[in-house]
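Novice: The structure that follows is given in the form of structure tokens.
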Amino acid sequence: MALPCSLPLSRGLPRTLQCRRLVARLFAAQNTICRANATDNSVSSGHDLLRTTLPEVIQTKRVPVLLYADRQSVEPEAISQLVKLAESPMPVGFVSAMPDIHVGKGVTIGTVFASQDYVCPNAVGVDIGCGMCAMPLKGLYKDDIAEDKLRRVQGNIKRSIPTGFEQHDRALPGAKAELERISNNVKPSSWLEEAASSKKVAQQLGTLGGGNHFLEVVHDETGQVWVMLHSGSRYIGNSTAQFYDKKAVEYMKGSGDARVTAKDINYLEIQSEAGQAYLQDMTWCQEYALSNRRLMLDLLVDCVAHELSNVVPDTDRLINIHHNYCASEPCKFQDPSKTEMFDGNLWVTRKGATSAQKDQLGIIPGSMGVGSYITRGKGNPGSWNSCSHGAGRKMSRTRARKEIMQAEFEKAMKGIVCDHVEAVRDEAPQAYKDLTQVMADQQDLTEIVHKLQPLVNVKGYDKYFKGKVKRAI
């Protein structure tokens, strides 16, 4: 067992007392961080009274779970998944659960842990490199854009950027060169090289996908207009995740565990041939996701510029980040069975979590009608320098379709240029946790720099859906 970030356990003490001392040190570190940031000129959430004493510590048979949320607000199945992960051989130190934690495939969404020896495809997620991208537009403010122009901007976006299962009829100019650049920087395995040669991979560069992915024109508290989007690595990332999860199942069964399934915590040894190949191909997919978002952002800017003159992107303030990924990061930790301090890199896995290193900018989106935040990390060791990746679901998609009425969905989206399609009702704001509470629960992890409110929203949905499209503002 190991603890990160210079927070060693004391040798010879009972395990429970050691964990209590660990948590006390984490709280002390958090209090120091909070005092240091007390005078920052950041945007206040205005909800300090919602704060609770976090994290809550969940003891397990192996490493503890640090939960940055009220346990009563978390599904029992999600708690079970967290405990199962903490009791697996993978994590060192502890597992951190972000305020938006909810059930996922194999591993909960909103989970962060570090490992020396293992990597888990299901812990990275099936959309490798899924993340956010945002950029302000110089000199453009929401009052400069009339309602009719907002509608035309939305139409431009829908025509220019394929969503759902769609892709470009022909690869965008420069897409094939971008794939070559990625492969030159990150050599793919022979399997990925063949998979990436499909026309679909080039034609999906600059496309959104479906589910909770979105394209938006937003404004901050000053009224300045931004463009923002949420997307990942599309077909190639999903295929890569599934391919290596099967490899992990084979490894686990070969190790004597015949009960594993595709929904379990199936892991690979990092130093194994399959583990090394996964890390390499995962990194390739992360680069693909970054490029996909950057190309879409350029298209978004063009969609706005088509209706307005003098649209200048502020590229110096562009943010393009992952929240489904694994990366080697420097950490310090001490194994209680040894006297020396380890100072080196660990593989930190974030599944539905945003890196929040000290002063690192991030993006935390809410649901499609609530707004989003630009954030600045506080470098908190108790969360492995991480924060949430969004609000987090409180309803499954099936439950949301059953319980949220179409009229309620449309009412929640009033004032935003968007499509009210029954096929995306499972993405209604009511299906998600209260973002205000999520931000209050992680005030020790990150701080708010800007609050972004949506003007235009575009989401992907099943092209075979036969319901009518209703626009509203």
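Cβ from N, Cα, C; glycine included.
As annotated in TrEMBL:
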{"type": "BINDING", "residues": "Asp127, His213", "note": "Mn(2+) 1 binding site"}
{"type": "BINDING", "residues": "212-216, 323-324, 365-368, Ser372, 389-392, Lys459", "note": "GMP binding site"}
{"type": "BINDING", "residues": "His230, His323", "note": "Mn(2+) 2 binding site"}
{"type": "ACT_SITE", "residues": "His389", "note": "active site, GMP-histidine intermediate"}
Novice: List the Cα distance (Å, whole number) between Asn212 (GMP binding site) and His230 (Mn(2+) 2 binding site).
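Specialist: Distance (Cα to Cα, whole Å): 8 Å.
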Novice: Could you check which of the binding-site residues (Asp127, His213, His230) sits closest to Asn324 (GMP binding site), going Cα to Cα?
Specialist: Asp127
Novice: Cα within 10 Å of His213 (Mn(2+) 1 binding site): which of the binding-site residues His230, His323, His389, Gly392 qualify?
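Specialist: Cα filter at 10 Å returns His230.
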Novice: Within a 10 Å radius of its Cβ, which of these binding-site residues (His213, His389) has the fewest neighbouring Cβ atoms?
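Specialist: Looking at the binding-site residues His213, His389, the Cβ with the fewest others within 10 Å is that of His213.
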Novice: Per residue, counting other C-beta atoms within 10 angstroms of the C-beta, which of the binding-site residues Asn212, Asn324, Ser367 reaches the highest number?
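Specialist: It comes out as Asn324.
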Novice: Measuring Cα to Cα, how far is His323 (Mn(2+) 2 binding site) from His389 (GMP binding site) in Å?
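Specialist: His389 (GMP binding site) has its Cα 6 Å from the Cα of His323 (Mn(2+) 2 binding site).
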Novice: To see if you understand the setup: which same-chain residues, six or more apart in sequence, place their Cβ under 8 Å from that of Gly392 (GMP binding site)?
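Specialist: Those within reach of Gly392 (GMP binding site), by Cβ under 8 Å and sequence separation of 6 or more, are Met98, Pro99, Asp100, Ile101, His102, Ile109, Gly110, Gly352, Tyr432, Lys433, Val438.
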Novice: In sequence order, which same-chain residues at least six apart have a C-beta under 8 angstroms from Asp127 (Mn(2+) 1 binding site)?
Specialist: Gly209, Gly232, Ser233, Gly237, Asn238, Ala241, Asn324
Novice: Within a 10 Å radius around the Cβ, which one of these binding-site residues has the most neighbouring Cβ atoms: His230, His323?
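Specialist: In terms of Cβ crowding, the pick is His323.
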Novice: Which number gives the other C-beta atoms within 10 angstroms of the C-beta of Leu215 (GMP binding site), all protein chains shown included?
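Specialist: Counting Cβ neighbours of Leu215 (GMP binding site) within 10 Å gives 26.
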Novice: Round to the nearest Å and give the CA-to-CA distance linking His389 (GMP binding site) with His230 (Mn(2+) 2 binding site).
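Specialist: So the Cα of His230 (Mn(2+) 2 binding site) lies 11 Å away from that of His389 (GMP binding site).
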Novice: Looking only at C-alpha atoms, tell me how far Ser367 (GMP binding site) is from His230 (Mn(2+) 2 binding site), rounded to the nearest Å.
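Specialist: Ser367 (GMP binding site) and His230 (Mn(2+) 2 binding site) have their Cα atoms 11 Å apart.
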Novice: Given Leu215 (GMP binding site) and His230 (Mn(2+) 2 binding site), what distance in Å do their CA atoms have, once rounded to a whole number?
Specialist: 7
